[in-house]
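So that you can see what the record holds, here are the features copied from TrEMBL:
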BINDING   HIS109, HIS111, GLU115, HIS154  Ni(2+) binding site
BINDING   HIS109, HIS111, GLU115, HIS154  Fe(2+) binding site
Amino acid sequence: MASEPTQEELALAQPDPPESAAIDAWYMDDSSEDQRLPHRRSPNEPCPLSKLRELGVLYWRLDADKYETDPRLAAIRKVHNYSYMEIVNISPTTLPNYDEKIKMFYEEHIHSDDEIRYVLDGSGYFDVRDLEDRWIRIDCRKGDLIVLPEGIYHRFTLDTNNYTKAMRLFVGAPIWTPYNRPQEEHASRQRYLEKFSGAAALEAAVSA
């Protein structure tokens, strides 16, 4: 039986605070051009980590060159019970049925569990829907660990570099089933809305 996390491990596992996080995210334009392009609005409309946190997205910046011995990654995995781990290479030369898989990744969907990805090399974009149904693009690069909560509408694409090496983490046995939109009646979507739509409404009321 695994031991309980220590206070040091709990501290190490804390997500990066919004005020100092290095993540780059923005609201997307409505262009139907190549999905691998940035699709920034003009002028650019950044999305701060504080807003992503309201949507349930968690973020850490880690040292990807030391992922095998990194005490912070070990603490994150222990505290959140990310027991399953695998490493995948996504590129035209390493991913079988590349074109088909990339199209599938870019279909808007939810999962019945959190999606946890740690970029060890390369780069790519995770897009998430906010509660007003706007797309937010999150630029994920080497060293970025991101958690998308169960039930959030999202999708993934490579950028124009066409390469990413990522660690996939999971609580227990992995279940990668995507449920393509619409999924408003899905239990995971209902749980997501119950948990985060109320928080967003409260935040808006406080800010008004």
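Note: Cβ is positioned from N, Cα and C throughout, glycine not excepted.
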For a quick check of understanding: among the binding-site residues HIS111, HIS154, which residue's Cβ has the most other Cβ atoms within 10 Å?
HIS154
From the centroid of the CB atoms of HIS109, HIS111, GLU115, HIS154, the recorded Ni(2+) site, which same-chain residues not already listed sit within 8 A by their CB, in sequence order?
ILE110, LEU148, ILE152, TYR153, ARG155, PRO178
